[in-house]
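First comes the structure, then the notes that go with it.
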Amino acid sequence: MECQTIALVASFGLSLCTYAIFKNYEPRSPTCWVIVLILLPITPAILVHWQSPGAFKFAFGFTASFSVYYTTLIFCTTAYRLSCWHPLAAYPGPLACKLSKLYMAYISQKEKQHLYLYNLHQKYGDIVRIGPNEVIIRSTDAITPLLGSVGLPKGAFWDGRFPANGAGRSLISVRNNKEHAVRRRPWNCAFSSTAIKNYEPLIEARTNELVDMLGRQTGTVDLLKWMKYFSYDIMTDFVFGGGTHMMRDGDVDNIWHQIESSQKVSLFLSHVPWLGQMMFRIPNLAKSRKAIMAYAIQVAEARNLRPSTNKDLYYYLFNEAESALRPLTKQEALSDSLLAIGAGADTTAASVSNIFYFLLTNPSAYNRLRDEIDAYADHALNYNTQAGMPYLNAVINENLRLLPAVPSGSVRGTTQETGGQYLGSYYIPPNTTVSIHFYSMHRDPRNFSLPDLFLPERWLSMEERTVLEPALFTEPGSFIHNPSAFIPFSYGPASCVGKNYAYLEMRMVVCKIMVSFDICRAKEFNSSVYEDSIKDLFTLAVGNLPVVLTSRP
C-alpha cells in the first residue's frame, strides 16, 4: 500500500479516536487540544514526508491528512448529534442549536436571548433542546426537582466564566452542592432578619441622597442613570461600608461600562465553557473582568484599613468575628464581594427603572400607587408600613413577573454522579445542562391570565382586585393566577440570598421618589425605544428612561 494511502487511513483512524476521546471525556486542557487537533492530524503527513521526501508530496500529504481528519471528525459529531441515538433526540429544537452551542453563544451577543428562548418555547412547547446536551423548560412541575433542596447542581454554564483551576469562583458559580452550602453560610448570616434590620439606616441615607440629587436636576432627567449611581453607591456601602460617591461625582471610572461589557463577554463564554477556560490562559482577553476585580481589591483594602462601625458584608465574608468553622479564602471573599456589588447594583437599577417605566405607561397604576402612598402620610417611609402596603408590593411583583432580573433562569445540570433525572414528566439524561426559563414561565397563560399585560391588581386579594377591576375579576375562577410559577429570585437552597434586602430597597426607593416628586414622561420618552433597549446579559439591562420630575409640596 502506498505511503499516501496509509497516511489517509491513519488520519481517518486517528480522527475516530479523537471523536471518541472528546465524546467520552471532554478534555479542556490546552495541551490536549494542541495534541489532538494539530499534532495528530499532521503526524501522517510527517511520516509520508519521512518515507518519501519532497516539498510537493509533503504539501499534498499535509492537506489530504488534515482534510480527512477534520471531515471525519465533523461528520461523526454532526451525525451523532442529529441521530435518533442521541439521548436528547426526542426533544425538539432548532437544527443549529442541536449541532453546536456556538449558535447560542452567537444569539447571546444580540442581547435578546430572553426573547429568542421565549419564541422557541412558543414554537416547540415546554421543553426545547438549545444545545447538543442542553435543554430549557418552562413547566412548573420542574421547579422543585430541578431547584429544590434535593435539586441538581449548577451546570457547566458557569465553567466558562473562570479559569480551569477554579480560581476566583464566586458563590453563584460553585457547582458542588455541599461546597455551595459551606460558601453560603456567611451570606446567610449577612442577610438574616437581624442583619437586614441593621441595613435600614444605610438604605435610608442613600435614598435621601438620591432624592436630594434628583431635586437639583432641571429639565429632562435620565432616571436609569441615577438609579445606576444610587445602586452602585448603596451596594458598596452594603459590601464595604462605603467608599464610593457615584451620585456625587458621576461614573468617573467608567465602572458601568466595564460591568456591562464584562457581562456580555461572560455570557458568550458561558455557552462555550471550553473556550472560556482557554481564554483565561491568554493575557488581556479577560481585561474587563480583571479591571473590575482590581477595583474590588482596591476598595476591599481600603475597608480593611479602617475600623468597622457596622456589620457590612465584608464583616461576614472576611470572618471578622472569627466565628466561621471554615472561613473563606481571601480570593473567595473578594470574588463574593464582587458578585454582591455587580449582581446587586445592576439588578436594582434595572428593576426600579422598569417599575417607573410600567407606572408611566399605565396611568391608572401610577395613580393607585400614589394614592396608597399618600394615604399612609408620614408612615409611608416606614419599612414595616411599606412591607404591608398591598399595591406597592403588587407593583413590584408584577414588574418582576414581566421582567425578572435574571430572565433566562439559573442553569443546572445532571452529571454521572446524579445520573438521569425526571423533571416532571421529562427525563433528563446524565451530563445534560438544563434550566427553567423564568421569562417564559412568567408569561405562560396557563400560569397567569393576560400574561403580557402589566396588571398589579392580579397580586391583590380577590376582594381588592374585584373592587379595582370588576370587569376582569368578577367571575370566580375565570382569572388564572399561579404564584408558584413566580420565581424571579430563583428557588431552593441556591436561590438569591438577597431577596428580602432587594424588596426592602425597592420599596423604600419607590416610596421616597413618589413622596418627593410628581413624575411624568419627558418629550424624549418612547415606550417602543425603551422596550427595544431591554437586554439579556444574564442579568437584565435596560436603556435610558427620560422623565420630568416636579417636587411635591
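The backbone N, Cα and C atoms fix where each Cβ goes, glycine too.
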58-80, 219-241 - the range that TrEMBL marks as transmembrane segment: 58-80
Residues that sit under 8 angstroms from C496 (heme binding site) by C-beta distance, when 6+ apart in the chain: F489, S490, A502
Other parts of the chain folded back onto the transmembrane segment (58-80), taken as Cβ under 8 Å at six or more residues beyond its ends: 4, 7-8, 10-12, 14-16, 18-19, 23, 40-45, 48-49, 86, 99
C496 (heme binding site): secondary structure state under DSSP, collapsed to three categories: coil
